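Here TrEMBL flags 260-300 as region 'Disordered'. If you look up TrEMBL, you'll see 12-33, 39-58, 89-104, 111-130, 136-152, 173-195, 236-256 marked as transmembrane segment.
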């Protein structure tokens with residue numbers, strides 16, 4: 001079996017995510033399908049998303065298959081599952097988002113995506129919460145972790161706010177906290193979208209209408225998500241994620257970056273003069289540069 005290269009794997013991840021996004025958004029595009037086939041659209045979406053979860057998980061697993069990566073994925077997914085189960089029943093509290101954002105930032109988009117998938121899978125198995133919503137939750141949480149890994153580096157190298165400075169570390173936490181807020185609301189948005197037609201009966205201002213124009217359904221969905229979760233559950237999730245990243249983010253990032261993974265390139269943000277400095281890990285097979293300074297003379 002040929003191991004996929006980094007670019008090929010990234011292309012598969014992007015393509016699979018686009019197809020999954022279409023599966024999430026099926027209510028908005030079902031009207032474009034011939035009327036006789038509209039009933040099959042949700043069935044196709046419900047079959048497509050789980051298949052994509054399996055395909056992408058296997059592809060990314062081959063790309064990142066090392067003992068250290070697997071062990072770290074196992075530990076962090078177990079921690080995430082425990083945190084998620086502990087928050088069950090507390091409306092909107094999703095402290096697991098803190099872990100996904102920080103781990104995705106420390107180890108990259110592919111690791112963050114896999115961690116999101118595994119965290120939902122493990123917690124659902126332990127909690128007994130498997131259902132048609134599970135693959136959608138897995139993808140949405142995978143996107144949260146992957147998005148954190150795709151965020152840009154904060155500051156320019158060699159400046160006061162650059163990597164390795166105290167100001168740079170604070171700016172990175174601010175970036176991650178802001179991303180956590182955005183991800184919390186977007187998670188609620190996409191999770192509302194796929195089951196919206198089944199959640200509300202017909203004849204209301206927030207109901208789905210298969211024969212309605214796209215603009216009308218978008219307006220109805222916007223009102224539906226505002227009323228049902230954006231102003232309540234999603235806001236609590238955003239506040240929880242923001243507070244968690246601000247409070248534990250600096251220490252947690254430093255701890256995560258001490259475990260350097262093959263192929264992962266964590267950015268250095270620890271302050272100069274203290275703390276733990278992190279640098280891109282040496283690529284497999286690379287040879288360290290020789291020392292150029294004078295060697296100490298040996299004493300007889």
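Numbers here mean position along the shown chain, with the first residue as 1.
Cβ atoms here come from the backbone N, Cα and C positions, even for glycine.
Caution: TrEMBL annotation is automatic and unverified by curators.
Keep in mind the model is a prediction, meaning the values are calculated, not measured.
With a threshold of 8 Å between CB atoms, the same-chain residues lying at least 6 positions outside the transmembrane segment (136-152) that come near it are 13, 17, 20, 23-24, 49, 52-53, 56, 96-97, 100-105, 107-117, 119-121, 124, 175-176, 179, 183, 187, 190-191, 194. Sequence-distant contacts of the transmembrane segment (173-195), counting only residues of its own chain at least 6 positions beyond either end whose CB sits under 8 Å from a CB of the stretch, comprise 21, 23-28, 45, 94, 97-98, 101-102, 105, 133, 136-137, 140-141, 144, 147-148, 151, 154, 221, 224-225, 228-230, 233-234, 237-238, 240-242, 244-246, 249-250, 253.
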